[in-house]
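Encoded as structure tokens, the structure appears first; notes follow it.
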Amino acid sequence: MLLLELKKINQTLETIHFIGIGGVGMSGIAEILHNLGYKVQGSDLVENYNTKRLESYGIKIFLGHVPQNITNVSYVVISSAINPDNPEIQEALERKIPIIRRAEMLAELMRLKCSVAVSGSHGKTTTTSLVACLFEAAGLCPTVINGGIINNRSTNAYLGSSNYLIAEADESDATFIHIPSTIAIITNIDPEHLDYYKDFATLISAFRSFIINLPFYGFAVCCIDHKIVRKLVDDITERKIVTYGIDSADAHIIAFNINTDIASSTFDVKISLPNVLGTTIIEKITIPIPGRHNILNSLAAIAVGIELDFGIKAIKNGFNNFKGVKRRFTKVAEYNMASIIDDYAHHPEEIKATLATAKNIANKQNGKVIAIFQPHRYSRMQHLFDDFMLCFADADILYITDIYAAGENPIEGITGQSLVDKITKNKYHDQANFLATLDDAVGVIIDNAVSGDVIIMMGAGNISSFANELPKKFGNL
């Protein structure tokens, strides 16, 4: 779709239909288009938080995918998660209704603004949210399209009044390299989405294109604590790159004097920008979220703020006003004075970061870490099986459920039980257990939780809904 076409859509008569509108990325774009005045509707298999939110704005939502849903639509938007044999896609093809990919529609929205695109294997959603908070503190009300619910706004997308747009750029299918951004952030690069890229080198090459495609006046912000990102940065001379880290003494922006607890992280920052003489120290920056990985995420936001001259006061105020992101180390309940945390971690690197944060907190409270993990997708487990065996070291007690399929067919030999068996056989963890059902987690918590413990419920499936229902379940005992 050309930019002129987006502008020429008749906002009164022409309807844009989203297939899978309940997805985080799709719902965000639908909301922005609705707020811009376009006529939007969509369908999804089940009702969820996002569909309910969109309905409350007056957007028509169909439950189920049937050809009749697109009877009077002019454009259809799909994501890579939608199968080509979807009946609504087939109907659109039959009727020659233009089918637009989610990333293409995002690109059209970004072309209208000066855009910040946040990508990387992990940390995109939190980083996007932190960047947005700094823009707002600087008096620039940005348009934001995020991959998770921003607690400050109770939504993952909102329309701003300034000429800036901040978006999470999904790297899963390489469409992110076509996003017309002015500022690009790369948090890290791990071997994910290899079902699409086929090999790690191709994925790394896509991130290189993500930077090279920036305009000459733009810049990239990259975490060189991650060795793959460091190598990528070292090989690029065509674009300006600002680096950050905790362990990298040569980074332009470095965090030190770090202290974390269950609710926040405090640290100092040293800034030594390229082509700028001298260094600047910012003392006692506080972010209301724990964890070393979140400090790194905040450094990316600081890099953008410093480059755009937001000022130290705006940076500190922006972080002070940040209320976190749904499902990112979110405390949902307490039992026997033990904290129960809901977290989206579903990749081995994310799990390690989340458990390291939990371990640090539990140690300060003389408690232990109880991890309850629901694997997500058979294909991910198959590709990263060896990494999954090694990522739970910081859990004192580990429970693993069966795999949440997310629409995939089972793969022989790839199960939650097989992961537990291999972990136990190889002595990677001496208290790894298989959890037959999520309901059994209630008994696990009752039997094991004591004061000071941190109970982490992790995964990208329905474990979050279960975790949020725990207060009710405990109340019914």
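Counting begins at 1 with the first residue displayed.
Any Cβ shown, glycine's included, is placed from N, Cα and C.
As annotated by Swiss-Prot, ATP binding site applies to Gly120, Ser121, His122, Gly123, Lys124, Thr125, Thr126.
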Next on the checklist: Under 8 Å between C-beta atoms and at least six apart in sequence, can you list the same-chain neighbours of Thr125 (ATP binding site), or say none if there are none?
Outcome noted: Asn146, Gly147, Gly148, Glu168, Val325, Arg328, Tyr344
Item to check | Gly123 (ATP binding site), number of other Cβ atoms within 10 Å | outcome: 25
Checklist entry - CB neighbours of Gly120 (ATP binding site) within 10 A? => result 25
Checklist outcome for this item: Cβ density check for Lys124 (ATP binding site), other Cβ within 10 Å (all protein chains) comes to 25
Checklist entry - For the binding-site residues Ser121, Thr126, which one has its C-beta crowded by the most other C-beta atoms within 10 angstroms? => result Thr126
Checklist entry - Are there residues of the same chain, six or more positions away from His122 (ATP binding site), whose CB falls under 8 angstroms from its CB, and which are they? => result Thr187, Asn188, Asp190, His293, His347, Glu349, Glu350, Ala353
